[in-house]
Amino acid sequence: MPDSSSPLSPAGDRHFDGLADKFADSLYGALRGELRLALLDRLLPELLDLDDQPLLDVGGGLGQLAGWFAARGHAVTLVEPSGEMLERARRALAGAPVRFVEAPLQALPEQAPGPWPLIACHAVLEWLADPRAALATLADRLAPGGQLSLMVFNRDALRFSNVVKGNLEKALADRLEGQGRRRRLTPISPLTHAQVVAWSAECGLEMRAVAGIRVFHDYLCRPVGDDTERNRLLELEWRYCRAEPHWRLGRYLLYTLVRPETGGSEAPRTETACEEEPRP
Ligand SMILES: C[S@@+](CC[C@H](N)C(=O)[O-])C[C@H]1O[C@@H](n2cnc3c(N)ncnc32)[C@H](O)[C@@H]1O
């Protein structure tokens, strides 16, 4: 019997109706959002083969990523189940070559079947009751040779930051995920790198690259001061976002997953193309 007072969808997902203001302020109104966008701006052209191909942005939220691709000549289809988030994206992207579809990821086979040469799904799977099935749905929508830019909230980083903040009991009990109640922004299904490796292999996807987004910022002991310090932090984040061992504790993990050109029956390469050494 669904609980009508619960903010979760019938599928058990946390659509962001009622969360748009809080999400906009606490992420994109703060340094954490600025760093995320600055790192994506540098990383996406390195991690993806981009040639103006159409892009499907799933769970596109407020539209920042859709805007980034649209400004680079991609025709974007933004799919988002929250009417509130979609309305804000529509306003932010007025005039850009973006088609808006109000639907959840689970409706992609009917609403945006593709096949797509390029799909982005950033910071969405951790808000779903069944992220594994969702990854399979995304994989099925990719054309042969198509690329999926997947970003997920990292469960291992969540444990680390809880310990750093002194939430020792919670960390020992491994009670890390949120419940999706009220206006909380702790994801209900944070993921591990091991899960992404296993599930993408199950779907026949090849893991081409991985990077950590915010490998330092979320563990800082004091707020960043002036612009000089912000720039230093960005350079550190950039230098180590693909370097061992730092990328593994990024607050988010950013992947390029590719559907092989031929059938997908060969065993996919599962290990990462991350760099062992920091960039100079
Ligand atoms: C943390 S926000 C990320 C938004 C955007 N992708 C970004 O990176 O800023 C998560 C988004 O996933 C959406 N979402 C939740 N459940 C979904 C579902 N079943 N299908 C697609 N999107 C979903 C939410 O409504 C919200 O807009």
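Heads up, the Cβ atoms here are built off N, Cα and C, so glycines get one too.
Annotations in TrEMBL come from automatic prediction, not curation.
Of the residues ARG32, ARG36, ARG42, ARG141, TrEMBL puts just one in the S-adenosyl-L-methionine site with GLY59, GLY60, GLU80, HIS122: ARG36.
When the binding-site residues ARG36, GLY59, HIS122 are checked against ligand 1, GLY59, HIS122 have a Cβ within less than 6 Å of one of its atoms. Reduced to three states, the DSSP call for HIS122 (S-adenosyl-L-methionine binding site) is strand. Cβ contacts within 10 Å of GLY60 (S-adenosyl-L-methionine binding site), excluding its own Cβ and spanning all protein chains shown: 28. Counting every protein chain shown, the Cβ of HIS122 (S-adenosyl-L-methionine binding site) has 21 other Cβ atoms within 10 Å.
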